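A.B. asks: Not my notes, these are from TrEMBL:
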| type | residues | note |
| --- | --- | --- |
| DOMAIN | B:14-141 | domain 'Response regulatory' |
| MOD_RES | B:D74 | 4-aspartylphosphate |
Amino acid sequence: MDLTQMQRRLVDYTSSLFREGYLDDQFTQLQQLQDESNPDFVFEVVTLFFEDSQRLINELGEALDQQNVDFKKVDAHVHQLKGSSSSIGAQRVKNVCVIFRNYCEERNTERCMRCLQQLKHENSLVKTKLETLFRLQQQILTAGGSIPMWSE
Amino acid sequence: MDSNGLSCIERKLHVLAVDDSIIDRTIIARLLKKYDCKVTTAENAMRAMEYLGLGHEQDTSEGKDLKIGMIITDYSMPGMTGYDLLKKIKESSTMSEIPVVIMSSENIPTRINKCLKEGAQDFMLKPIQQSDVKKLLSNEYSSY
């Protein structure tokens, strides 16, 4: 595959992630903060996010596993995850958090547990998607090309 | 000098950014640095207070010596909130003149008004975008 084909593939792949709702405009904001002096900015922030989201997902699992669920605690964790997913543009994860918080308010353990499953799923999905994105970018860089900027 | 003409090399604005989320701290720091600010981050209000030389028997001049030009803080933080921090700064003998900006992911008018009433310079809704920071800094520089 030549450089132009690789770049085309990256643009198409990225567009699909936006189209399918995995990413929103906030991700583009992060891309715009990356430059020659901060070439790994997006990767850095995304890595921090997944470390944090895993921690929060683990804590949510523990919190919901209790005899008497502390919904305030559960809500606090979800609020954090909602914030960070919103900050990096992980739209689907954020959307699950919004619904999750409603069930916290209702003190509905069953529904909360289902939301947690959904969160795990969406978190894992977007992680895989972004790993693919970074791999495609790296291929281009290794081949001596530059990463094309797409327009919103 | 960046192309937006907002940076001021002789008088780089030193901003203290306070947020308990490492993701948000990383993003706000980069946003501010893009506009040529010097940035120090703190992971909670207590650390921020220590950095500013506040919270002891007597406010020290540490904060003044650091030449902090602006404080940007998240509202919702465990323990001491951004609002509490705002109050402490405005009550202090050394830091009360420093503009304080509050960030929050929740658009709650009563919350915003409460902060503005307490002397917050501005309120920014998360997720913070480049245009928000640009606007904030251009307001700041135009008041020089």
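Cβ from N, Cα, C; glycine included.
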A.B. asks: If you skip the near sequence neighbours and keep only those at least six away, which residues in the chain come within under 8 angstroms of the residue listed as '4-aspartylphosphate', Cβ to Cβ?
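C.D. replies: Long-range Cβ contacts: B:V18, B:D19, B:D20, B:S21, B:D24, B:G82, B:I102, B:M103, B:S104, B:K126.
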A.B. asks: Can you tell me whether DSSP puts B:D74 (4-aspartylphosphate) in helix, strand or coil?
C.D. replies: strand
A.B. asks: Just to confirm my parser: what is the rounded mean pLDDT across the domain 'Response regulatory' (B:14-141)?
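C.D. replies: For the domain 'Response regulatory' (B:14-141), the model's average pLDDT rounds to 92.
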